[in-house]
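Participant: Here's a structure for you.
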Amino acid sequence: MMRCAVRGGGAHVVIGERRSPSSSPGSGRSVVRMSEGRGGLCCGGVRSRAADLAGLEMGRPSAGAAGLFRSPRYGRVRATASADPEDIPSDKLQAKSSGSVLPYVGVACLGAILFGYHLGVVNGALEYLSKDLGIAENAVLQGWVVSTTLAGATVGSFTGGALADKLGRTRTFILDAIPLAVGAFLSATAQDVRTMIIGRLLAGIGIGISSALVPLYISEISPTEIRGALGTINQLFICIGILAALVAGLPLAQNPAWWRTMFGISVVPSILLALGMAVSPESPRWLFQQGKISQAEAAIKKLYGKEKVTEVMYDLKASGQGSNEPDASWFDLFSKRYWKIVSVGAALFLLQQLAGINAVVYYSTSVFRSAGIASDVAASALVGAANVFGTMIASSLMDKQGRKSLLITSFSGMAASMLLLSLSFTWKALAPYSGTLAVVGTVLYVLSFALGAGPVPALLLPEIFASRIRAKAVALSMGMHWVSNFFIGLYFLSVVNKFGISTVYLGFASVCALAVLYIAGNVVETKGRSLEEIERELSPPNKADANAFLVSDQ
């Protein structure tokens with residue numbers, strides 16, 4: 001056994017390798033031991049201070065110690081005070097997965113499609129259902145038909161977190177399918193406005209639950225190396241759901257009663273969501289948190305293959321998720337231990353909405369008309385296509401460029417686009433080109449939004465929240481999204497009438513600029529890190545665990 005120990009004020013590292021008598025060099029099991037002291041340490045060119053252990057990164061040694069540390073190519077072993085790396089054999093490290101999470105991500109994304117579809121379906125159908133239900137002359141009741149869904153979504157987003165913690169992710173999905181299907185059915189068969197509003201409220205509760213649950217489930221079952229790309233799929237399918245609602249409205253001109261079919265269509269994916277989740281594996285992280293070890297191993301085997309069970313279970317044990325800490329309450333989110341991280345999540349969604357995305361979408365029809373594009377469908381299709389295209393680009397870059405850099409790039413592009421939009425309405429020198437510039441500014445804004453501000457918050461939040469608060473913290477952040485969305489939709493036109501669209505767009509540009517500064521100073525990069533690794537860094541159980549954690553500096 002090779003040993004290397006350097007002591008300085010109490011700190012020491014012991015590196016070695018255990019072999020059975022019959023083993024060959026390079027086989028056996030690797031050992032890493034570390035204890036904290038006051039001084040520095042140095043061994044073979046690897047150095048650190050006790051206070052900087054959280055930033056220590058070690059490369060891959062040669063020959064027999066090949067399994068000791070992992071380079072970026074071979075992966076890394078993360079050690080904490082709560083787990084001994086001797087518990088995991090070196091031949092099990094970085095085992096190739098024989099499973100696939102894609103089918104289960106696809107099932108979860110049915111919730112994202114329904115999210116987008118229920119938001120978009122009322123836009124084309126409102127005029128026709130208003131005539132059938134006798135509210136064509138009542139703008140207040142029409143507003144209730146539209147906004148009740150947002151109110152329901154706010155309730156659903158808070159409810160979903162508690163249900164996901166208590167029942168598990170897959171059972172909550174199955175339960176969520178009930179208000180989604182019943183709400184769609186009531187809307188499709190409504191003979192009066194009261195039934196329609198009840199249906200829209202139930203559908204809103206359903207999409208509120210799924211808005212928090214879909215990114216949560218995807219983040220917890222996705223492999224680290226592709227978690228960013230898979231997480232972005234959530235936003236992509238929301239966009240696809242909105243486009244599907246637009247396409248579903250095309251027959252309305254020839255068949256005014258088609259609006260009932262438009263609402264009824266969404267019953268099908270609701271049922272498929274329930275059936276799909278009935279055979280999908282539960283989140284291994286939730287199962288482990290509940291102490292259901294054997295079930296967690298079975299879920300890992302189903303998701304990644306039996307080769308990955310040892311490695312993933314080691315990571316879960318090392319993260320301290322199996323501690324005796326009780327499930328978090330809502331009050332825990334505001335504790336000193338978690339509040340900083342929770343506030344970042346809430347702030348990201350607040351900035352996302354205050355940056356003006358929904359206002360731009362709401363006003364895009366008027367902007368395009370000023371440029372000579374009279375077709376509402378063409379305007380909506382162009383904005384929707386820009387959103388989908390930008391999200392696809394973000395998906396390909398998420399695990400390469402990282403979440404933080406995409407957020408900064410996105411909000412910077414949104415600020416520049418908003419400034420261009422504001423100038424196109426007020427600068428007399430640009431008057432001959434105002435229509436064209438307005439269209440260009442709108443499309444660039446939506447593209448910039450889709451590149452980061454749209455998909456990243458829903459992906460980043462489940463990554464930075466500790467396992468015991470993850471569901472409730474995501475629900476709280478999504479609640480902020482729905483509340484701010486509701487008030488912006490309610491007061492946007494009034495603010496425009498009072499201050500003018502140019503001033504409002506200039507205000508949005510200022511919010512985007514502030515968002516860049518906030519993200520640069522408060523958001524951490526999570527690219528390439530497992531959920532357990534992120535949790536140990538951001539929400540350690542105690543100071544000793546924080547100092548013992550080895551984290552790579554991305």
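The backbone N, Cα and C atoms fix where each Cβ goes, and this holds for glycine too.
These came from TrEMBL, pasted as-is:
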REGION    7-32  region 'Disordered'
COMPBIAS  21-32  compositional bias 'Low complexity'
TRANSMEM  101-119  transmembrane segment
DOMAIN    104-527  domain 'Major facilitator superfamily (MFS) profile'
TRANSMEM  139-161  transmembrane segment
TRANSMEM  197-218  transmembrane segment
TRANSMEM  230-252  transmembrane segment
TRANSMEM  258-279  transmembrane segment
TRANSMEM  341-365  transmembrane segment
TRANSMEM  406-425  transmembrane segment
TRANSMEM  437-461  transmembrane segment
TRANSMEM  473-493  transmembrane segment
TRANSMEM  499-520  transmembrane segment
Participant: Going through 101-119, 139-161, 230-252, 341-365, 406-425 one by one, which has the most CB pairs that fall under 8 Å from the transmembrane segment (197-218)?
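Facilitator: It is 139-161 that shares the most Cβ pairs under 8 Å with the transmembrane segment (197-218).
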Participant: Considering only the recorded stretches 230-252, 258-279, 341-365, 406-425, 473-493, state which has the highest number of Cβ pairs under 8 Å to the transmembrane segment (499-520).
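Facilitator: Most Cβ pairs under 8 Å with the transmembrane segment (499-520) come from 406-425.
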Participant: Under 8 angstroms, Cβ to Cβ: which one of 101-119, 139-161, 341-365, 406-425, 437-461 has the largest number of such pairs with the transmembrane segment (230-252)?
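Facilitator: That would be 101-119.
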Participant: For the transmembrane segment (258-279), I need the partner stretch with the highest count of C-beta pairs below 8 angstroms, choosing only from 101-119, 139-161, 406-425, 473-493.
Facilitator: 101-119
Participant: Please indicate, using numbers and ranges, the residues of the same chain that are 6 or more beyond the transmembrane segment (101-119) and have a C-beta under 8 Å from a C-beta there.
Facilitator: 149, 173, 176, 180, 183-184, 203-204, 206-207, 210-211, 213-214, 217-218, 221-223, 230, 233-245, 266, 269-270, 272-273, 276-277, 280-281, 303-304
Participant: Can you work out whether the transmembrane segment (139-161) touches the transmembrane segment (437-461), with the criterion being 3+ CB pairs under 8 Å where the paired residues are 6 or more apart along the chain?
Facilitator: no
